[in-house]
Structure formats: structure tokens, C-alpha cells
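Inspection log for the structure reproduced underneath, given as C-alpha cells.
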Amino acid sequence: RWLTCRSLPPGALERIADSVADRLRVPWFAGAVKIQVSLVPPLVLLPVLLHVAALHFLLGFVILTSLPVVVLWYYYLTHRRKERTLFFLSLGLFSLGYMYYVFLQEVVPRGHVGHSQVVALTCGLILMLAALSRAKKDPGYLPIPASNEKSSHQGLPSSGVRGGSSEGLHGVRGGSSEGLHGVTASGAASGRAANGEAKGYSRMSAEEPEGVKKDWCTKCQLVRPARAGHCRLCGRCVRRLDHHCVWINSCVGEQNHQAFILALSFFMLTSVYGITLTLHTICRGRTPFVALFYCPGAYSDYSSALSFTCVWYCAIVTAGMGYILLIQLLNISYNVTEREARLALRDNTGRRLLGGLVIDTGQYNRGFLCNWGHFLSLGSSPPQRSAEDIV
């Protein structure tokens, strides 16, 4: 385009990028292994940027300010394209490993950190990784019927729309983004898209009570239980879907929500403890909060400057994860999921509480203790299958 002064055809850059990504492979015994391009940038850029930031205070300020902006930009880019990426998982895991390496390499040799403190930090890191590994497992995917796998993109089966049997689909509550709207007398309605989530068709059966509601997913071709939702990134329906977390590259649902909260909690404790130990070492005589903003000897040598830069990087990440954990704890206290809160905001059916930090839909809220008891019992018993699911 630069040489000929002519614009490229539409989609040319995307095709070039896909071709380059497909040809990035590593020779192996069983054949060349394809490299996930999204894994590479954190492994290369993070150490380089942190070492450059340690050269001068102004460089550190510019780099540490621009990093969150770049990460948020990439998040919105992939979210808008509905793409799954390993970039955030790679960034998180490599950040943990690299911060731990800097702690052992630069902070521990100064002699102000005891062996018991190193063991405590290591145990916290191991527990966090164990919880993260559990959170990466099945979030509670609804099984796709084998008979519907081939026809998953052919719309509703005829028996699900026209039949007068008791397996007919029922009306759905107005707050569900995958809900079934626009019920007509003939039992069919045109689907609409809202927030990128598919809406399908439904009809009310005369044989069923009015209060019983079922939700049909046109993508997975199944009837979903209450509070289940379809993830547009994973392409599956999940029981009690909360949200799709880019940091674990998986959904957070009924089966892994507890592990997700546990991983966030262990991360917060371990990160705050590591930041405190590092600041006590390089800024002795000052409290951690004061040392974070005023540490005169931080740039006296490169080792201290690198440690101080890593502390600020950890503080920024910890603040972001702390906000996510706070929202999660508030949602659990009111027994509402992120998906339900988002839909309540869209339909203006929820109450804003605590300055808008939590959206109380009022549908499942049974009080603080009952809500936490319900959360702690998630996944403790196998889900009950309704007659419609069995049929």
C-alpha cells in the first residue's frame, strides 16, 4: 500500500495475519507444533518493559500507565470480535512467575526476608495455582443432545414449536438476554439479537401453570434450567452462568464459581504479602503504604529500582483484581450473577445499591446468610434433570 499508494482489499490484513499465525510452528518429534501467537507477547514484552521502566522514574511512570490502557484496549478488541484468546491467561501466569523470580533474585538476597516468609509466600502461590487449575475445569456446561448436534444451526425442531404436547416451551422472564420474546398466537416469533446473545422462540403451553418458565437455546438446541445462559465465546450453555472470564479463558458457572473466588482470594493475600515484604526490604523504616508513594532510595541502584517497579506493577494488577473480587462478593451476598445484573441494567428491572456496585434483581435474594449458604452449596449435588431434558 505504501509503494503503490493504493488501498488493500477488504480483509487482506486479517488474511495475512492468519497466514503468519498458521506458519509459526516449532519442530517436534510427532510433527511441527503450532504456536499460539497470543501467548508470545507477554513472555517477551513484560520483562523488557519492566527492565526499561526501572531505568528512570519517568520511564516507569509512562510504561506503568500505558500498560493497563493497552490491556484494556486488547480486551475490548477481542470482546467486540467475540474471540477467545490466551493472551490474558498467559499474561497472568507469566506475571506471577516473573514476579516470584524477581523476589527470589533481587529481594531475598538482601537478607531482610526470612525463610519462613519465603515459604509462606510460596505456599500462597501454590494454593492460588491449585484453585486456578480447578477454576479452569468444567464450569457446568449443559450437555448437547446427540440428536441435535448435526442440526444445531437449523433452528427449532418442528415439534418444539407447533406441537400441543406438555413438552411445549413456556414464556420466559423479560430480563433474560437469551430469553424467548415476542410470543405470537401461532407459536412462532422472529428472533432478535441483544448484547450479542441470541434470542429464540417460545410458546406458552396451556397444560402448564403460568408461573413455570422455560428457556430455549437456539444455538445448543436444548431447554435451559433457571439461571443458565449461553456463552457466545465458548459456544455452550452453562448452568448458573456468571460471566466469561478472560483471565482464565473460561466461563464462571455453577461448578467452578467457588474455585474462582478462592483463586482470587489467594491471589490477593499472596500479592499483598509479597508487596509488603518487598517494600519493607527496599524502603526500610516506612510503612508499606507510605513507601509505595515515597521511597527515596528506590532508584539508588538498579536492583532496588527493578524491585520497586515490580511492586508498582503488582499493585496495579492487585487493585484491578481486588475490584473484581469486591464485585463478586457483593453479588454473592445478594445472590445475583454478573449476567443477571447486566440484563437487569439493560431492562431497567434491578435496584442499584452501594453506589451502583451491585444490582439487586430481587428474584433470588433470600438474605445474606441464605445467599452465602446457597453459594457454598453450589455443585455439591448433581443437577436435577427435568422431564423435558430427558425427553
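A Cβ is built for glycine as well, from the same backbone N, Cα and C atoms used for every other residue.
TrEMBL: automatically predicted annotations, no manual curation.
The transmembrane segment annotation in TrEMBL covers 48-74 (among others).
Per TrEMBL, the feature transmembrane segment maps to 86-103 (among others).
The annotation transmembrane segment is assigned in TrEMBL to 115-132 (among others).
Among the features that TrEMBL reports, region 'Disordered' is placed at 143-168.
If you look up TrEMBL, you'll see 213-341 marked as domain 'Palmitoyltransferase DHHC'.
Here TrEMBL flags 259-282 (among others) as transmembrane segment.
The transmembrane segment feature in TrEMBL is assigned to 302-326 (among others).
Confidence in the domain 'Palmitoyltransferase DHHC' (213-341), given as mean pLDDT, stands at 92. With a threshold of 8 Å between CB atoms, the same-chain residues lying at least 6 positions outside the transmembrane segment (302-326) that come near it are 50-51, 53-55, 60, 64, 67-68, 95, 99, 102-103, 106-107, 261, 264-265, 267-268, 271-272, 274-275, 278-279, 281-283, 292, 295, 357.
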